[in-house]
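Pulled from TrEMBL:
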- 12-32: transmembrane segment (TRANSMEM)
- 15-427: domain 'Ammonium transporter AmtB-like' (DOMAIN)
- 53-72: transmembrane segment (TRANSMEM)
- 92-114: transmembrane segment (TRANSMEM)
- 121-142: transmembrane segment (TRANSMEM)
- 162-180: transmembrane segment (TRANSMEM)
- 201-225: transmembrane segment (TRANSMEM)
- 237-262: transmembrane segment (TRANSMEM)
- 269-287: transmembrane segment (TRANSMEM)
- 293-314: transmembrane segment (TRANSMEM)
- 326-343: transmembrane segment (TRANSMEM)
- 375-397: transmembrane segment (TRANSMEM)
Amino acid sequence: MQAVTNLSDGDITAVLLCSFIVFFQNIGFAALENGNVRAKNARAILLKNCIDKLVGGLCYWAVGFAFAYGSSSNGFIGTSHFFLSQLNGPVAALWVLSATFLMTATTIVSGCLAERAQFEAYLAYTPLMAVLVYPLVVHWVTQGWLTTFATHCTYLDFAGGSMVHLVGGVAGLVAAWQVGPRLGRFDGAIVKPIPGHNVESTVLGTLMLWFGWYGFNIGELLHFIVSVQAGDERGTVAARAAVNTTICGCAGALTALLLAWLRTRTYEVRTCCNGVLGGMVAITALAPFVDPWAAFVLGCIAGGVYIGCSRALLCLRIDDPLDASAVHAGCSLVGLLGVGVFGEPTYIAQNHEGYDRVCGGFFFASPARRGGEQLGVQLLGIITISAFTAACSLALFGTLRYFNKLRVDTATEIAGLDFVDHGGSAYPDFLLRVEAQD
């Protein structure tokens, strides 16, 4: 919280502008998920994308923000700023930015549950994410025990690689596992494709997310640079973060396309889109911490990790309609571990002005920089955050499944969620034309 208390009016305006750009990612997620589901479930997935903003925003205002950024003596959970008490300009700007990050993390799970989860189950999940899971992880990463437990190094996550993408991806993976595959997805050892209904929406959603990622990776800048003096290098750091975001996304997409072509001899639009997202997920944790060549390498690795995780999900008979858990959980590991490999100590120090516990990747290891120790700190943080998120998610989704409140019945799934729960088709004119032809 100290990093935002000294923000000038210009800084506050910049944070708010980045927040509005990040919110545009939610439009991208809505379009992406709509394009990847069948037409009979379009209304359902779009409403879920609205619900996590509506419910999550209120829960985060009341309790979540206090747990995330409130002061604490134990490094585990915040205990101030409930209902945004003691509100001032910097705190308000931080709330808006962090709330958009929360909405992004929550939306990831809606894709994993697509086409077969009860609406009430999603209503139950959103408060859990907004009040408990996301806020506690944010507190640990930004000012809690993960920043102080190691003697020489602090856990590094620049813009939400763990807080947003690892948390959302792990929660989505548990959700997809508990809700089970869609009807007809698996027939013994055969995996049957269930294509989405609108490839244009998928591509437009991806490009909207790409645009939003610039606000995502630059908006976090003011969390790290405490000084607001002229010449504090924020412009340089922001530009490097934007360059690396672009390079990593491009490399991720091309690598994923190539690997998919080697296997199927086809160029798949969905693979390209998820490759872009995977690359950008990977760079989120360390966007200004590396040189462009390292961003390229990380993007190539992320593209391969996405393809591998997607195949692994199918082998495990876990049906993730958007491959969201593969993109967000799998590729976030590339960036979070990449800090301990490629992190340039000089660049990291630019984002921790006056901070004496800056290490770097083991490519830059020295007695003073302890690259190997940084990698160990990153690994411990990943394990802790993943285990906490998985435990909370399993407790909720397992309970809902036990009481038959997680998945819709077979008849509803066959007919489509739109027709049973949401007032009819999202495309009534299209249905009329089909019926006339019949």
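Placed from the backbone N, Cα and C atoms, the Cβ positions cover glycine too.
Because TrEMBL annotations are produced automatically, they should be read as predictions rather than curated entries.
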Q.
Under 8 Å between C-beta atoms and at least six residues away from its ends: which parts of the chain pack against the transmembrane segment (326-343)?
A. 108, 156-157, 161-162, 165-166, 168-170, 172-173, 252, 274, 277-279, 281-286, 289-291, 294, 297-298, 301-302, 305-306, 308-310, 312-313, 320, 359-364, 371-372, 374-379, 381-382, 386
**Q.** When counting Cβ pairs under 8 Å to the transmembrane segment (269-287), the leader among 121-142, 237-262, 293-314, 375-397
**A.** 237-262
(Q) Can you tell me which recorded stretch out of 53-72, 92-114, 121-142, 237-262, 293-314 has the most Cβ pairs within less than 8 Å of the transmembrane segment (375-397)? (A) 121-142
Q.
Contact between the transmembrane segment (201-225) and the transmembrane segment (53-72) is defined here as three or more C-beta pairs under 8 Å separated by at least 6 residues; is that satisfied?
A. no
Q.
On average, what pLDDT score does this prediction assign to the domain 'Ammonium transporter AmtB-like' (15-427)?
A. 92
(Q) Restricting to CB pairs under 8 Å, which listed stretch, 92-114, 121-142, 237-262, is in contact most with the transmembrane segment (162-180)? (A) 92-114
